[in-house]
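Copied over from Swiss-Prot:
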ACT_SITE  D48  active site
BINDING   L45, L46, N47, D48, Q64, Y107, S108, R168, D169, E223  substrate binding site
Amino acid sequence: MSEWTKEQRYQKYEDVDQQTIEKLTEQVNQSEYRQTFHIQPQIGLLNDPNGLIYFKGNYYVSHQWFPLGPVHGLKYWYTYQSKDLVDFKAIGPTIKPDTKDDSHGVYSGSAFEYHDHLYYMYTANHRDSDWNRISTQHIAKMSKDGSINKFPKAVISAPPSGYTQHFRDPKVHVQDGVYYAMIAAQNIKKQGRILQYRSTDIVNWEFQGEVQTNLDDFGYMWECPDYFNLNGYDMLLFCPQGIDSEGERFKNIYQSGYIMGQYDINNLTMNHADFHELDYGFDFYAPQTFLDENGQRILIGWMGLPDINYPSDADGWAHCLTIPRVLTIESGNLKQRPIKALEKLRTNEETALGYANKFTRQLHPYEGKQFELIIDILENEATEVYFEVRTSKTESTLITYNKREQKLTLDRSESGQLPEPVEGTTRSTYLDTPLSKLQLFVDTSSVEIFCNDGERVMTARIFTDENATGIKTSTESGQTYLKFTKYDLKGDTI
């Protein structure tokens, strides 16, 4: 793919003729990798989820969007509306780069309710004549007719002294009638940080200081912060950049994770345990959370990473969002489970019960490209158990469980075309308890694996041939007694 010029990357969607848009749309629609039950861009590139909220009977889900190709360029917010987080209606581009402050992109932010109206707080990105970045924080209000009206000027016009222009991704939450914004930042020592602001009227924001953690030197930038209380635990989510890999940990180019403990919002001190990754697969970044209509904490992430090329780029589009996950804390541990509403996509239930051994078994009539597969491990005497999905004579996506180490490994070395550059073709995680259950959500070009009822999650894009539809199981030695439940998933291409 030819290199994009600066002029091409910062061309406005509104300035492109309809014929060009139709040509792009036709190219994308012909892609063999299009998903069926994930939010994906109609054309161009999707990245961070933005502005997630349940408001007056509807869910609103937005994402970063560059319309004109599978590269990072002039960013818009593209918004969807839903009643159930399964079926989505496209509203279209809602927050657009149409002022001087956001001339080079409307960057990530969050949604919140204030005086019975929906508001968004976001980062405006501007470049001066020397291409220096200028980051400011803005607010926009959604009117009753759905139109978006920006406040006339920035509510935070510059980062505080001691911090660089890497100052973005405001996440707003309210506590005791006070509005707080957590903002991703970088100090002048090139260390990632989170800054806290407060407001009582959402116009005037007071800088309170830097959130104090024990992660003093933990990457050169922290992106996409999120803060909430879950079952009595304070959770601080962020995405550190510049972390070296440690064995099986931190192998992706950038990380997404959390620290859990107790946060003193007045003194800005976080007493916390270790940083943990939210997802142990290949393709997960920039997660954001919100409360659903029942008060459950829901997480949606970007199923992709910056600075990596994906095979779908050749078809004029890139990336998708993950399925929504419900977060809970159980016995002091974070659990992530797929939302129950996804069950409405299920059709054609099939079940099987039996032993797997060292002779590979093709599970007939189990096959498919878009399905949910639940594997219950009822007895396990095998040293290693192997599960393969999207298999053909030449391709396979392999999940391995090592009983002695309680180690689960996702291997996409034979999954077809691979994103690049990516470190290695496997990702692994060590489970807290022996493997008893796997729940897989497989779409045309992705797999999301929930282990032990939400103990771990592994997410990956796979760019497999459309004829790779088989499902297999076997062991290294010994046998395991398994129950399989499979559903075809029927989603309307979003």
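Cβ coordinates come from backbone N, Cα and C, glycine included.
Location within the structure of each feature annotated in Swiss-Prot.
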residue : record                 : contacts (Cβ under 8 Å, 6+ apart)
L45     : substrate binding site : W65, F66, G69, P70, V71, H72, G73, W317, A318, H319
N47     : substrate binding site : H63, Q64, W65, H72, K75, Y285, A286, W302, G304, P306, H319
D48     : active site            : H63, Q64, S108, D169, C224, Y285, A286, Q288, W302
Checklist entry - For the binding-site residues listed here (Q64, S108), which one has the lowest count of neighbouring CB atoms within 10 Å of its own CB? => result Q64
Next on the checklist: Around the C-beta of D169 (substrate binding site), how many further C-beta atoms are within 10 angstroms, looking at every protein chain?
Outcome noted: 30
Checklist entry - For N47 (substrate binding site), what is the secondary structure state per DSSP, taken as helix, strand or coil? => result strand
